[in-house]
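Residues or ranges marked as NADP(+) binding site in Swiss-Prot: T11, G12, M13, V14, S177, G178, N321, T322. Positions annotated as phosphate binding site by Swiss-Prot: R109, K203. The active site, acyl-thioester intermediate annotation in Swiss-Prot covers C148 and rests on sequence analysis. Annotation source Swiss-Prot lists substrate binding site at Q174, E200, R233, citing sequence analysis. Positions annotated as active site, proton acceptor by Swiss-Prot: H240.
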Amino acid sequence: MRYSVGVLGATGMVGQKFIQMLAEHPWFKLTSLAASERRVGKKYGEEVDWIVSREVPDIAKDIEMVPMDPKHVDADIVFSALPSDIAREVEPKFAEAGFVVASNASAYRMAEDVPLVIPEVNPEHLGLIEVQKKNRGWDGFIVTNPNCTTIVLVLSLKPLMDLGLRTVRVASMQALSGAGYPGVPSLAITDNVIPFIKGEEDKVEEEPLKLLGKFNGRKIEFADIKVSASCHRVPVIDGHTEAVWVEFDREVSVEEAKAAFESLKPLDLPTSPEKVIIVREEPDRPQPRLDRDAGNGMSITVGRIRKDGERGLKYIVLGHNTVRGAAGASILNAELMIKEKII
(Lines of atoms letter the chains of each structure in order from A and count residues from 1; the text may use other names and numbers.)
(Lines give C-alpha, C1' and ligand atoms only; values in the text may rest on other atoms or scores of the structure.)
Protein backbone atom coordinates (compact mmCIF):
# COMPACT_ATOMS: atom_id res chain seq x y z
CA MET A 1 0.00 0.00 0.00
CA ARG A 2 1.21 3.51 -0.84
CA TYR A 3 0.07 6.42 1.31
CA SER A 4 -0.91 9.73 -0.24
CA VAL A 5 1.11 12.60 1.21
CA GLY A 6 1.13 16.37 1.05
CA VAL A 7 3.65 19.08 1.91
CA LEU A 8 2.72 22.25 3.79
CA GLY A 9 5.05 25.09 2.88
CA ALA A 10 6.05 23.38 -0.35
CA THR A 11 8.03 26.20 -1.98
CA GLY A 12 10.60 26.89 0.76
CA MET A 13 13.99 25.21 1.03
CA VAL A 14 12.86 22.43 3.39
CA GLY A 15 9.62 22.02 1.43
CA GLN A 16 11.69 21.47 -1.70
CA LYS A 17 13.84 18.92 0.09
CA PHE A 18 10.68 17.08 1.18
CA ILE A 19 9.49 16.96 -2.44
CA GLN A 20 12.87 15.75 -3.65
CA MET A 21 12.96 12.94 -1.07
CA LEU A 22 9.30 11.95 -1.54
CA ALA A 23 9.34 11.92 -5.35
CA GLU A 24 10.44 8.29 -5.66
CA HIS A 25 9.57 7.04 -2.19
CA PRO A 26 8.36 3.42 -2.18
CA TRP A 27 5.68 3.97 0.50
CA PHE A 28 4.47 7.49 -0.31
CA LYS A 29 2.78 9.14 -3.29
CA LEU A 30 2.95 12.92 -3.48
CA THR A 31 -0.58 14.22 -4.10
CA SER A 32 -0.91 17.71 -2.54
CA LEU A 33 1.30 20.77 -2.27
CA ALA A 34 0.09 23.62 -0.08
CA ALA A 35 1.52 27.11 -0.20
CA SER A 36 0.73 30.76 0.46
CA GLU A 37 -2.41 32.34 -1.02
CA ARG A 38 -0.56 34.11 -3.84
CA ARG A 39 0.59 30.75 -5.24
CA VAL A 40 -2.75 28.91 -4.98
CA GLY A 41 -3.98 27.49 -8.30
CA LYS A 42 -0.58 27.73 -9.96
CA LYS A 43 1.43 24.73 -11.11
CA TYR A 44 4.31 23.96 -8.80
CA GLY A 45 6.92 23.61 -11.54
CA GLU A 46 6.04 26.99 -13.04
CA GLU A 47 5.86 28.89 -9.76
CA VAL A 48 8.60 27.53 -7.51
CA ASP A 49 12.04 29.13 -7.34
CA TRP A 50 13.82 25.76 -7.20
CA ILE A 51 17.11 26.03 -5.32
CA VAL A 52 18.01 22.51 -4.19
CA SER A 53 20.10 20.19 -6.35
CA ARG A 54 18.83 18.62 -9.57
CA GLU A 55 15.53 19.52 -11.26
CA VAL A 56 11.99 19.76 -9.93
CA PRO A 57 10.78 16.12 -9.81
CA ASP A 58 8.35 15.27 -12.61
CA ILE A 59 5.69 14.11 -10.15
CA ALA A 60 5.53 17.61 -8.64
CA LYS A 61 5.76 19.82 -11.74
CA ASP A 62 2.09 19.78 -12.71
CA ILE A 63 0.55 19.68 -9.24
CA GLU A 64 -1.61 22.76 -8.68
CA MET A 65 -0.88 24.33 -5.33
CA VAL A 66 -3.71 24.52 -2.81
CA PRO A 67 -4.40 26.63 0.29
CA MET A 68 -3.10 25.50 3.67
CA ASP A 69 -6.58 24.36 4.63
CA PRO A 70 -7.54 20.73 5.43
CA LYS A 71 -10.55 21.00 3.11
CA HIS A 72 -8.28 21.45 0.11
CA VAL A 73 -5.58 18.87 0.87
CA ASP A 74 -6.03 15.30 -0.35
CA ALA A 75 -3.58 13.20 1.67
CA ASP A 76 -3.23 10.65 4.46
CA ILE A 77 -0.12 12.33 5.87
CA VAL A 78 1.04 15.93 5.64
CA PHE A 79 4.66 16.94 6.10
CA SER A 80 5.02 20.41 7.55
CA ALA A 81 7.86 22.64 6.40
CA LEU A 82 6.15 25.75 7.75
CA PRO A 83 7.75 28.56 9.74
CA SER A 84 6.97 28.18 13.43
CA ASP A 85 4.49 31.05 13.68
CA ILE A 86 2.40 29.76 10.77
CA ALA A 87 2.71 26.14 11.93
CA ARG A 88 1.30 27.08 15.33
CA GLU A 89 -1.93 28.15 13.64
CA VAL A 90 -2.14 25.68 10.74
CA GLU A 91 -0.96 22.32 12.09
CA PRO A 92 -3.70 21.90 14.74
CA LYS A 93 -6.37 22.45 12.06
CA PHE A 94 -5.01 19.49 10.12
CA ALA A 95 -4.69 17.29 13.20
CA GLU A 96 -8.22 18.16 14.29
CA ALA A 97 -9.46 17.23 10.80
CA GLY A 98 -7.92 13.77 11.10
CA PHE A 99 -4.59 14.20 9.33
CA VAL A 100 -1.29 12.75 10.48
CA VAL A 101 1.00 15.79 10.72
CA ALA A 102 4.72 15.00 10.57
CA SER A 103 6.22 18.37 11.42
CA ASN A 104 9.67 19.85 11.02
CA ALA A 105 8.47 23.10 12.62
CA SER A 106 9.45 24.08 16.16
CA ALA A 107 5.97 25.26 17.22
CA TYR A 108 4.88 22.13 19.13
CA ARG A 109 8.17 20.32 19.80
CA MET A 110 8.16 21.03 23.51
CA ALA A 111 4.39 20.71 24.05
CA GLU A 112 3.83 18.19 26.84
CA ASP A 113 1.57 15.90 24.79
CA VAL A 114 3.36 16.12 21.42
CA PRO A 115 6.00 13.50 20.58
CA LEU A 116 9.45 14.86 19.71
CA VAL A 117 11.06 11.89 18.01
CA ILE A 118 14.26 10.61 16.44
CA PRO A 119 13.39 7.00 15.49
CA GLU A 120 16.76 5.51 16.50
CA VAL A 121 16.68 7.38 19.82
CA ASN A 122 13.18 7.39 21.36
CA PRO A 123 10.57 5.52 19.29
CA GLU A 124 8.63 4.72 22.47
CA HIS A 125 7.72 8.42 22.78
CA LEU A 126 5.15 7.82 20.03
CA GLY A 127 3.02 6.58 22.91
CA LEU A 128 2.22 10.25 23.52
CA ILE A 129 0.01 10.22 20.42
CA GLU A 130 -2.89 8.64 22.30
CA VAL A 131 -2.41 11.12 25.17
CA GLN A 132 -2.49 13.99 22.67
CA LYS A 133 -5.63 12.77 20.90
CA LYS A 134 -7.43 12.31 24.21
CA ASN A 135 -6.31 15.68 25.59
CA ARG A 136 -7.21 17.67 22.49
CA GLY A 137 -10.15 15.69 21.10
CA TRP A 138 -8.46 15.34 17.72
CA ASP A 139 -8.99 12.56 15.19
CA GLY A 140 -5.46 13.11 13.89
CA PHE A 141 -2.25 14.13 15.62
CA ILE A 142 1.07 15.99 15.39
CA VAL A 143 4.48 14.32 15.66
CA THR A 144 7.57 16.52 15.51
CA ASN A 145 11.26 16.11 14.80
CA PRO A 146 13.90 18.21 16.56
CA ASN A 147 15.95 21.17 15.45
CA CYS A 148 18.60 20.24 12.86
CA THR A 149 21.51 20.88 15.24
CA THR A 150 19.79 18.93 18.01
CA ILE A 151 19.26 15.87 15.80
CA VAL A 152 22.95 15.60 14.92
CA LEU A 153 23.95 16.11 18.55
CA VAL A 154 21.43 13.72 20.13
CA LEU A 155 22.13 10.89 17.69
CA SER A 156 25.69 11.03 19.03
CA LEU A 157 24.59 11.34 22.68
CA LYS A 158 22.13 8.43 22.71
CA PRO A 159 24.84 5.71 22.76
CA LEU A 160 26.68 7.58 25.52
CA MET A 161 23.72 7.61 27.91
CA ASP A 162 24.41 4.03 29.03
CA LEU A 163 27.99 5.04 29.88
CA GLY A 164 26.77 7.49 32.53
CA LEU A 165 26.51 10.75 30.57
CA ARG A 166 25.98 13.77 32.82
CA THR A 167 27.09 17.01 31.12
CA VAL A 168 27.26 18.16 27.50
CA ARG A 169 28.85 21.27 26.03
CA VAL A 170 28.52 21.92 22.32
CA ALA A 171 29.75 24.58 19.90
CA SER A 172 27.99 24.39 16.55
CA MET A 173 29.23 25.55 13.16
CA GLN A 174 25.98 25.72 11.21
CA ALA A 175 25.52 25.77 7.45
CA LEU A 176 23.83 28.58 5.56
CA SER A 177 20.98 26.39 4.31
CA GLY A 178 19.78 26.16 7.90
CA ALA A 179 18.70 29.80 7.60
CA GLY A 180 16.51 29.05 4.55
CA TYR A 181 16.44 31.09 1.36
CA PRO A 182 17.40 33.88 0.71
CA GLY A 183 18.82 33.47 4.21
CA VAL A 184 21.96 35.23 5.41
CA PRO A 185 23.08 38.15 3.18
CA SER A 186 26.30 37.39 1.30
CA LEU A 187 28.09 40.46 2.67
CA ALA A 188 27.29 39.35 6.21
CA ILE A 189 28.72 35.82 5.91
CA THR A 190 31.52 36.07 3.31
CA ASP A 191 34.90 36.14 5.07
CA ASN A 192 33.04 35.87 8.37
CA VAL A 193 31.54 33.78 11.15
CA ILE A 194 28.38 34.99 12.89
CA PRO A 195 28.44 33.92 16.57
CA PHE A 196 24.68 34.16 17.11
CA ILE A 197 21.60 32.42 15.70
CA LYS A 198 18.37 33.70 17.22
CA GLY A 199 16.61 31.13 19.40
CA GLU A 200 18.97 28.31 18.44
CA GLU A 201 20.82 27.82 21.69
CA ASP A 202 17.61 27.46 23.68
CA LYS A 203 16.44 24.69 21.34
CA VAL A 204 19.76 22.84 21.49
CA GLU A 205 19.80 23.03 25.29
CA GLU A 206 16.15 22.05 25.86
CA GLU A 207 15.23 19.51 23.18
CA PRO A 208 17.83 16.84 24.15
CA LEU A 209 16.34 16.60 27.65
CA LYS A 210 12.97 15.60 26.19
CA LEU A 211 14.43 13.32 23.51
CA LEU A 212 16.60 11.41 25.98
CA GLY A 213 13.89 11.28 28.64
CA LYS A 214 11.52 8.43 29.54
CA PHE A 215 7.85 8.05 28.62
CA ASN A 216 5.94 6.98 31.74
CA GLY A 217 2.64 6.35 30.00
CA ARG A 218 1.33 9.88 30.56
CA LYS A 219 4.20 12.27 29.86
CA ILE A 220 7.94 12.50 29.26
CA GLU A 221 10.22 12.56 32.29
CA PHE A 222 13.15 14.67 31.10
CA ALA A 223 16.69 13.25 31.15
CA ASP A 224 18.85 14.21 34.11
CA ILE A 225 21.67 15.77 32.11
CA LYS A 226 22.83 19.32 31.48
CA VAL A 227 23.42 20.75 28.00
CA SER A 228 25.16 24.05 27.27
CA ALA A 229 25.34 25.33 23.69
CA SER A 230 26.95 28.09 21.66
CA CYS A 231 25.71 28.32 18.05
CA HIS A 232 27.50 29.92 15.10
CA ARG A 233 26.68 30.47 11.41
CA VAL A 234 29.57 29.67 9.06
CA PRO A 235 30.07 30.04 5.27
CA VAL A 236 29.24 26.42 4.39
CA ILE A 237 26.19 25.59 2.22
CA ASP A 238 25.12 22.27 3.77
CA GLY A 239 26.24 20.25 6.79
CA HIS A 240 26.29 21.22 10.45
CA THR A 241 29.56 20.57 12.29
CA GLU A 242 29.55 20.39 16.09
CA ALA A 243 32.40 20.28 18.60
CA VAL A 244 31.18 18.38 21.65
CA TRP A 245 32.57 17.99 25.17
CA VAL A 246 30.94 15.36 27.40
CA GLU A 247 31.42 14.37 31.04
CA PHE A 248 30.38 11.09 32.67
CA ASP A 249 29.84 9.82 36.20
CA ARG A 250 32.88 7.55 35.74
CA GLU A 251 35.97 7.30 33.58
CA VAL A 252 35.14 6.36 29.97
CA SER A 253 37.81 5.38 27.45
CA VAL A 254 37.99 6.43 23.82
CA GLU A 255 37.57 2.76 22.86
CA GLU A 256 34.36 2.48 24.91
CA ALA A 257 32.96 5.57 23.23
CA LYS A 258 33.81 4.29 19.74
CA ALA A 259 32.14 0.97 20.48
CA ALA A 260 29.08 2.80 21.81
CA PHE A 261 28.81 5.02 18.72
CA GLU A 262 29.04 2.03 16.40
CA SER A 263 26.43 0.10 18.40
CA LEU A 264 23.53 2.40 17.43
CA LYS A 265 21.51 0.13 15.17
CA PRO A 266 19.86 1.26 11.92
CA LEU A 267 16.16 0.70 11.33
CA ASP A 268 14.60 -1.39 8.59
CA LEU A 269 12.94 1.61 6.95
CA PRO A 270 13.26 3.03 3.41
CA THR A 271 15.00 6.26 4.46
CA SER A 272 17.19 4.71 7.16
CA PRO A 273 20.94 4.55 6.39
CA GLU A 274 22.99 1.34 6.63
CA LYS A 275 24.99 2.91 9.46
CA VAL A 276 23.50 5.56 11.72
CA ILE A 277 26.87 6.73 13.07
CA ILE A 278 30.05 6.50 11.00
CA VAL A 279 33.23 6.77 13.07
CA ARG A 280 36.23 8.25 11.23
CA GLU A 281 39.81 7.65 12.38
CA GLU A 282 41.50 10.38 10.31
CA PRO A 283 42.69 13.37 12.36
CA ASP A 284 40.96 15.89 10.07
CA ARG A 285 37.48 14.34 9.69
CA PRO A 286 34.55 14.82 9.56
CA GLN A 287 34.32 17.72 7.12
CA PRO A 288 31.12 19.09 5.51
CA ARG A 289 32.17 18.64 1.87
CA LEU A 290 33.46 15.12 2.46
CA ASP A 291 30.96 13.71 4.94
CA ARG A 292 27.58 15.46 4.77
CA ASP A 293 26.18 13.05 2.15
CA ALA A 294 27.10 9.88 4.06
CA GLY A 295 24.21 7.44 4.04
CA ASN A 296 22.43 9.64 1.46
CA GLY A 297 22.56 12.42 4.02
CA MET A 298 20.93 10.33 6.77
CA SER A 299 24.09 9.15 8.58
CA ILE A 300 26.01 11.30 11.02
CA THR A 301 29.80 11.16 11.18
CA VAL A 302 31.86 11.28 14.37
CA GLY A 303 35.61 11.84 14.54
CA ARG A 304 38.47 13.21 16.64
CA ILE A 305 37.34 11.31 19.76
CA ARG A 306 39.75 12.24 22.56
CA LYS A 307 40.04 12.16 26.31
CA ASP A 308 39.23 15.40 28.12
CA GLY A 309 40.17 15.14 31.78
CA GLU A 310 39.54 12.15 34.02
CA ARG A 311 35.84 11.67 33.25
CA GLY A 312 35.49 13.56 30.00
CA LEU A 313 35.68 13.06 26.25
CA LYS A 314 35.55 15.44 23.29
CA TYR A 315 34.69 14.78 19.66
CA ILE A 316 33.43 16.30 16.41
CA VAL A 317 30.09 15.28 14.90
CA LEU A 318 28.65 16.28 11.53
CA GLY A 319 25.34 15.74 9.77
CA HIS A 320 23.37 17.04 6.78
CA ASN A 321 21.06 19.68 8.20
CA THR A 322 18.32 19.65 5.53
CA VAL A 323 18.27 15.86 5.09
CA ARG A 324 18.83 14.10 8.43
CA GLY A 325 18.21 17.40 10.21
CA ALA A 326 14.91 18.32 8.54
CA ALA A 327 12.99 16.64 5.69
CA GLY A 328 14.58 13.23 6.15
CA ALA A 329 13.82 13.33 9.87
CA SER A 330 10.09 13.89 9.32
CA ILE A 331 9.93 11.24 6.62
CA LEU A 332 11.70 8.71 8.86
CA ASN A 333 9.19 9.48 11.63
CA ALA A 334 6.31 8.78 9.24
CA GLU A 335 7.92 5.53 8.12
CA LEU A 336 8.31 4.46 11.75
CA MET A 337 4.65 5.19 12.46
CA ILE A 338 3.64 2.99 9.53
CA LYS A 339 5.95 0.19 10.68
CA GLU A 340 4.49 0.43 14.21
CA LYS A 341 0.96 0.38 12.71
CA ILE A 342 0.13 3.79 14.21
CA ILE A 343 -0.85 4.88 10.69
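Cβ atoms are placed via backbone N, Cα and C, with glycine included.
All features noted in Swiss-Prot, drawn onto the structure.
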residue: T11; record: NADP(+) binding site; DSSP class: coil
residue: C148; record: active site, acyl-thioester intermediate; DSSP class: helix
residue: Q174; record: substrate binding site; DSSP class: strand
residue: E200; record: substrate binding site; DSSP class: helix
residue: R233; record: substrate binding site; DSSP class: strand
residue: N321; record: NADP(+) binding site; DSSP class: coil
Surrounding CB atoms that lie within 10 Å of the CB of K203 (phosphate binding site), all protein chains: 20
Cα-proximity to G178 (NADP(+) binding site), 10 Å cut-off, over binding-site residues R109, E200, K203: none
C-alpha spacing of Q174 (substrate binding site) relative to the residue listed as 'active site, proton acceptor', in angstrom: 5
Minimum Cα separation from G12 (NADP(+) binding site), reported as the residue among recorded positions R109, C148, Q174, K203, R233 that achieves it: C148
Greatest inter-residue Cα distance in Å for the substrate-binding set Q174, E200, R233: 11
Nearest of the binding-site residues (R109, Q174, E200, K203) to M13 (NADP(+) binding site) - Cα to Cα: Q174
Candidate with sparsest Cβ neighbourhood (10 Å radius) among S177, N321, the listed binding-site residues: S177
C-alpha spacing of N321 (NADP(+) binding site) relative to C148 (active site, acyl-thioester intermediate), in angstrom: 5
Neighbour count (Cβ, 10 Å) for Q174 (substrate binding site): 24
Whole-number Å value for how far Q174 (substrate binding site) lies from T11 (NADP(+) binding site) (Cα to Cα): 22
Rounded distance in angstrom between the Cα atoms of R233 (substrate binding site) and S177 (NADP(+) binding site): 10
Close in space, distant in sequence - V14 (NADP(+) binding site), Cβ under 8 Å, 6 or more apart: A81, N104, G180, T322, A326, A327
Cβ within 8 Å of the mean position of the Cβ atoms of Q174, E200, R233: remaining residues of the chain near substrate: T149, S172, G178, A179, I194, I197, C231, H232, H240
Spatial separation of K203 (phosphate binding site) from S177 (NADP(+) binding site) - C-alpha basis, Å: 18
Spatial separation of Q174 (substrate binding site) from K203 (phosphate binding site) - C-alpha basis, Å: 14
